[in-house]
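Single-structure report; data block below.
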Amino acid sequence: MKINYPLLALAIGAFGIGTTEFSPMGLLPVIARGVDVSIPAAGMLISAYAVGVMVGAPLMTLLLSHRARRSALIFLMAIFTLGNVLSAIAPDYMTLMLSRILTSLNHGAFFGLGSVVAASVVPKHKQASAVATMFMGLTLANIGGVPAATWLGETIGWRMSFLATAGLGVISMVSLFFSLPKGGAGARPEVKKELAVLMRPQVLSALLTTVLGAGAMFTLYTYISPVLQSITHATPVFVTAMLVLIGVGFSIGNYLGGKLADRSVNGTLKGFLLLLMVIMLAIPFLARNEFGAAISMVVWGAATFAVVPPLQMRVMRVASEAPGLSSSVNIGAFNLGNALGAAAGGAVISAGLGYSFVPVMGAIVAGLALLLVFMSARKQPETVCVANS
């Protein structure tokens with residue numbers, strides 16, 4: 001099989017970004033001790049990263065949209081590398097917080113511009129698969145990068161974890177430099193015109209679908225450990241094993257979602273959102289034993305990430321006049337869904353409904369996303385996305 005080097009370079013960048021985004025979750029106690037703060041305070045580093053993604057996605061895309069995409073992507077990975085180096089040498093909590101925010105500024109714009117580049121280096125009928133290939137780096141980070149960074153942080157120190165992640169940034173920059181076509185600098189964008197594109201009803205509908213799709217995922221994912229402990233009576237070792245299986249499911253779903261979205265974006269969204277609803281409604285029953293829990297986590301992970309490539313392609317299609325900005329904003333929408341999903345799951349727990357109802361709430365959110373897809377599909381027939389290089 002012929003290797004598509006531009007897609008490989010984008011996947012390497014995605015792997016690094018996924019590693020730096022998720023690895024602090026497993027290192028919070030170590031980081032908290034290192035900068036002399038409480039674990040909840042250290043948890044704010046994760047929230048700050050998410051906020052930085054939402055702010056940085058449109059901001060960095062607009063600032064870099066007149067530059068050649070290769071140089072823009074390399075610049076974004078330079079920010080990533082610098083942010084991780086500064087995190088590794090941060091002398092105190094506030095410096096670490098600012099370093100994490102700096103690191104996050106590349107996230108949305110990289111995936112947004114990267115999606116456009118990925119779609120431009122393959123034939124039109126393979127664009128969704130190309131976008132999925134880039135996101136495969138993100139899913140593989142959950143299987144390999146995050147556990148490796150966590151192990152490194154636990155054994156050598158959390159600072160070494162950030163330094164190693166910075167090394168991934170250097171590898172990514174070199175890969176992008178040698179694999180992507182140079183391209184010329186584009187015209188400076190008309191900001192008002194591109195923002196007007198985002199205000200179209202069909203674009204807002206697509207972005208809202210992304211928020212709800214991500215919200216369904218994070219309603220459960222945020223509380224996966226206590227949910228499994230409550231339903232399955234899982235040990236910490238078993239929970240860790242389930243997180244690995246979820247990562248495997250992410251990779252399977254990402255691949256299937258990309259392949260099927262090449263045929264039909266809306267059809268893929270309908271099918272996997274329905275599967276996501278069904279499996280989350282079934283988890284309170286299936287996960288009562290370890291085997292059922294393992295099967296549930298793989299299927300749930302696959303259904304969850306299978307909607308990512310079609311959601312990204314859907315926004316790029318309905319906002320084809322501003323593909324870079326729209327796809328970057330869509331990454332911000334994923335992070336907004338992250339926050340809303342965590343809030344929805346937290347509301348269930350705070351209301352005393354029990355951890356078994358958390359996946360049910362996720363199914364309700366997925367149902368809202370599915371309803372929105374059906375409504376939008378009636379008004380907006382599928383069109384072919386043309387990504388210009």
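Backbone N, Cα and C atoms are what each Cβ position is placed from, and that goes for glycine too.
Both R33 and L260 carry topological domain labels in Swiss-Prot, but the labels differ, so the record puts them on opposite sides of the membrane. Summed and averaged per residue, pLDDT over the topological domain 'Cytoplasmic' (1-6) gives 81. Summarised by DSSP class, the composition of the topological domain 'Cytoplasmic' (258-266) is 6 helix, 0 strand, 3 coil.
Counting Cβ pairs under 8 Å to the transmembrane segment (357-377), the top-ranked stretch among 71-91, 204-224, 237-257, 291-311 is 204-224. Taking residue pairs at least 6 apart in sequence, the transmembrane segment (131-151) and the transmembrane segment (7-27) share three or more C-beta contacts under 8 angstroms. The stretches the transmembrane segment (44-64) and the transmembrane segment (101-121) meet in space: the count of Cβ pairs below 8 angstroms, excluding pairs fewer than 6 apart in sequence, reaches at least three. Tertiary proximity for the transmembrane segment (331-351) is limited to same-chain residues at least six positions away from its ends with a CB under 8 Å from its CB atoms, namely 50, 53-54, 57-58, 107-108, 111-112, 207-208, 210-223, 308, 357-358, 361-362, 365.
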